[in-house]
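> Shown below is the structure under consideration.
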Amino acid sequence: MEDAAAAGESKAGHGRNGHAEGPAAEERRGGGARLRGCRGFLRRNALVLLTVSGVVAGVALGAAVRSAELSPAQVSYLAFPGELLLRMLRMVILPLVICSLVSGAASLDTRSLGRLGGIAVAYFLGTTLLASGLAVALGFIIRPGAGASALNTQLGLPGALPKSKETVDSFLDLIRNLFPANLVAAAFETYATDYQLLLRNTTSGNITWEKVPVGTDIRGMNILGLVLFALVLGVALKKLGPEGEDLIRFFNSFNEATMVLVTWIMWYVPIGIMFLVGSKIVEMEDIVLLVTSLGKYIFASILGHVIHGGIILPLIYFAATRQNPYRFLLGLITPLATAFATCSSSATLPSMIKCIEENNGVDKRISRFILPIGATVNMDGAAIFQCMAAVFIAQLNNVDLNPGQIFTILVTATASSVGAAGVPAGGVLTIAIILEAIGLPTNDLSLILAVDWIVDRTTTVVNVEGDALGAGILNYLNEKDKKEREQELKEVTVEAVANSKSEAETSPLVTHKNPVSNTSSTADPESKESVL
């Protein structure tokens, strides 16, 4: 009896202790789960957090070092880690573009390739036209160039500018670069028209100078020609069938190896970004004077980028996919921050391909097919920047633009943004084409160059955002088309199988698609059972 009582007391004691220790144990378990969840979040988003921290640290570094009044040589030493980042990113652009486009074009069938290519072209042209129209509208509303005629003398900017080209020659150069004469040279040279002045004697005895176009090769990758060649080569390898599979596998392996290199480079991005941003802040001469003098132009350009990148492009994505565009963009913080720091769409391409596949689940065949093309031809931010600059310079010279000139600005900016180089300050040179087309002087371009390093950052962010959302739309449409084809295949398979009971009875799908008369359906109870 005493043993039983003692056992009962011990059980009761254990029960009381267990009941008392339960909440504390649950709290410890809950704290451990939260700690593991926090660690998992930090592990998954480590690169994003480090990249954003790099931008913030770069601003702080530039502000701190700015007071030291470094010499140009010392500023170049400060920018050295950032220069290494740009060189590494540019190093992988060529193999990434060639291999990804060849493997992407070869992996898609001809029907999908043509359909996706048509949708991509329509998306690129439509969004660029919308961007150009938005910039012109904002330019007329804000009027950034009104009352700013003495800015050149006030800022003391240099007047030396690159030579402007005729509009016709610019578009002819664009077409020539699509078909490079030498693929090896296209990796580091691009074709450009220059002019020579020749002395001519007329029949009346007068001597005139004639400007004659002359073809030259300038330094810079001919990305348009390489993109077109890679696309055509991928389609040709697909047409070869089994004979082309070995070469397709080679490009696929080369592409995957390049992406491994990109993964390694990505961990250096936060350090490079910090020194890139810091050195740019140190290089600024008198930002207060620039912002106060050209503040309306800077504000109008950045406002156009915010509206197009924050409202118009997400609305297009939502209308096409019925999905949250901001959740899609949340997975692309690292490439967007890289675009902000490097001001180069081409340099952002490696990190964009990596993040859009891993974070947003976009099919590799879609991302590696469309993103290299978009980085070359889709320049929404550049179109806004160019149109705003054209309207600004027109107002600066007290020129009232007529509807014909406005239409010329829209069309020329849309077309010239295709040929804009995906490098820092690449869009400034194409503004001269627009100014020549509407008959405005190009000497005011020095004002645009003075603040290009500010506006070019948001320009590049909008450029790469448009490419990413376009890839997301194409991925959604491709998956939807694939599901529809699978559904059609299932229906055809069911229709082909005859019912074992009788010829009159068919499957529910066939009954639904080819209904017999109501009398037969009501009169035959077995058909009801087969439908059920």
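Quick reminder: no glycine exception, Cβ is built from N, Cα and C everywhere.
On a predicted model such as this, the values are computed, not experimentally measured, just so you know.
So TrEMBL lists these for the protein:
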type	residues	note
REGION	1-31	region 'Disordered'
TRANSMEM	46-68	transmembrane segment
TRANSMEM	88-108	transmembrane segment
TRANSMEM	120-142	transmembrane segment
TRANSMEM	218-237	transmembrane segment
TRANSMEM	258-277	transmembrane segment
TRANSMEM	297-316	transmembrane segment
TRANSMEM	328-349	transmembrane segment
REGION	495-532	region 'Disordered'
COMPBIAS	514-524	compositional bias 'Polar residues'
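Could you give the neighbours, burial and distances for every feature on this list?
Tertiary proximity for the transmembrane segment (46-68) is limited to same-chain residues at least six positions away from its ends with a CB under 8 Å from its CB atoms, namely 78, 266-267, 269-282, 284, 333-334, 337-338, 340-341.
Listed by sequence, the residues of this chain that lie at least six past the ends of the transmembrane segment (120-142) yet keep a Cβ under 8 A from its Cβ atoms are 296, 299-301, 303-304, 307-308, 312-313, 316, 370, 373-374, 377-381, 383-388, 391-392, 395, 406, 409-410, 413-414, 417, 462, 466, 470, 473-474.
Within its own chain, the transmembrane segment (218-237) has Cβ neighbours under 8 Å at 93-94, 97-98, 101-106, 110, 113, 174, 177-180, 183, 185-192, 244, 247-248, 251, 346, 372-373, 375-377, 419, 421-423, counting only residues six or more beyond its boundaries.
Residues 47, 50-51, 53-55, 57-59, 61-62, 78-82, 84-86, 88-89, 92, 95-96, 99-100, 334, 337-338, 341-342, 350-351, 353-354 of the same chain lie 6+ residues outside the transmembrane segment (258-277) yet bring a C-beta within less than 8 angstroms of a C-beta in it.
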> Which residues, given as numbers and ranges, are at least 6 beyond the ends of the transmembrane segment (328-349) yet have a Cβ under 8 Å from it?
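Sequence-distant neighbours of the transmembrane segment (328-349): 47-48, 51-52, 54-55, 58, 82, 85-86, 89-90, 93, 96-97, 221, 223, 266, 269, 272-273, 276-277, 314, 317, 355-356, 359-360, 371-372, 375, 379, 422-425, 453, 456-461, 463-465, 467-469, 472.
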> Near the transmembrane segment (297-316), which residues from the same chain, at least 6 beyond its ends, have a CB less than 8 A from one of its CBs?
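For the transmembrane segment (297-316), the sequence-distant neighbours (Cβ-Cβ under 8 Å, at least 6 residues beyond its ends) are 123, 127, 130-131, 134-135, 138-139, 142, 144-145, 291, 325-326, 329, 380-381, 384-385, 388-389, 392, 447, 451, 454-455, 458-459, 461-462, 465-466, 469, 473.
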